[in-house]
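Written below as structure tokens is the structure these notes are about.
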Amino acid sequence: MKIDESLNVHSSLLQLIGNTPLLELHKITKGLKGRYFAKLEAFNVGHSAKDRVAKYIVEDAERKGLLKPGSTIVETSSGNTGYSLAMISALRGYRCIIAISDKSSHDKVEMLQALGAEVHLCPANVAPDDPRSYYEVAKRIHNETPNSIYVNQYFNPLNPESHYQTGREIWEQTQGEITHVVVCSGTGGTISGIAHYLKEQNPRVQVLGVDAYGSAIKKYHETREFDPAEVYPYKIEGIGKNLIPTATDFDVIDEFIKVTDKDAALMARKLARTEGLFMGYTSGAAIQAVKQYAEAGKFDENSIVVVLFADHGSRYMNKIYSDDWMKKQGFID
């Protein structure tokens with residue numbers, strides 16, 4: 001049967017990545033000056049913004065002949081990139097090996113395994129150059145595995161390049177009226193790619209990154225020096241870093257806002273119960289950053305603010321959506 005694309009029928013899973021919806025927020029931002037819109041990346045087929053990166057990098061490797069049937073994809077991930085790569089590997093017939101932080105939710109680990117990925121759980125609270133860190137474990141596996149590629153999203157220029165299109169979508173969806181974009185930063189690929197596109201269209205667009213307490217990213221942006229004193233354990237997954245990723249272009253980011261583990265978790269739960277949006281931990285962090293910025297008087301009546309919600313809440317059932325976990329962290333009574 002010939003597929004008639006005019007009927008909105010797709011022939012590949014990968015066609016369901018990108019062109020995610022933009023939704024205006026009402027209840028969670030009530031009382032704040034300006035208008036607020038969520039870029040819902042959970043509408044990608046793999047339910048996160050990382051689908052875009054995985055597709056872009058895999059297709060690039062295929063074009064260059066680096067990936068062939070039977071090849072292996074190796075990556076370091078807090079969960080979402082790993083899931084997206086495992087999904088595409090299942091589709092394409094590649095072996096997929098993911099080194100994942102033990103801070104990642106058990107849900108993410110099980111989802112990776114469900115797609116056939118081999119998972120290596122690594123301690124989160126070790127230095128990046130420690131042989132047990134997920135960076136070093138992934139590198140070692142890649143070096144020991146013939147016919148493999150190491151995606152290396154923290155230092156791969158294709159990561160931000162993949163999100164140039166995300167910036168284009170945001171610009172077109174707001175008809176060029178956007179004044180601020182708020183994005184959580186881990187590898188920095190999402191925020192950097194979006195920022196490049198938006199600033200090319202209008203240099204006055206303010207790009208606001210969201211960082212975690214326990215991460216060195218905000219301080220580095222301000223001083224251009226890595227301060228190890230900034231680094232200590234924290235709970236939020238997929239945000240902040242204990243190293244400085246070259247995938248982050250600090251020159252196109254105007255400001256970073258830090259949020260606490262507790263505030264981000266509570267805000268994600270509030271988002272579900274007010275807007276009906278069941279989003280991930282970093283989505284709570286992003287909307288918490290918006291509130292802090294608004295309370296500091298930095299938005300006005302003319303502000304058109306886009307907040308990127310990176311993934312779906314189903315990946316955090318055993319964490320922020322578990323009352324037991326929240327109580328153990330001291331986040332709720």
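Using N, Cα and C of the backbone, Cβ positions are placed for all residues, glycine too.
Owing to the predicted nature of the structure, the values given are computational and were not obtained by experimental measurement.
Of the residues proposed, ASN80, ASN125, ASN143, the one Swiss-Prot records at the same pyridoxal 5'-phosphate site as GLY186, THR187, GLY188, GLY189, THR190, THR282 is ASN80. Taking CA atoms as the reference points, THR190 (pyridoxal 5'-phosphate binding site) and LYS50 (N6-(pyridoxal phosphate)lysine) are 9 Å apart.
For the binding-site residues given as ASN80, THR187, THR190, THR282, the lowest number of other CB atoms within 10 Å of the residue's CB is seen at THR187. In sequence order, ALA49, LYS50, GLN153, ASN159, CYS184, SER185, ILE191, GLY238, ILE239, ALA310 are the same-chain residues whose CB sits within 8 A of the CB centroid of ASN80, GLY186, THR187, GLY188, GLY189, THR190, THR282, the residues recorded for pyridoxal 5'-phosphate being left out.
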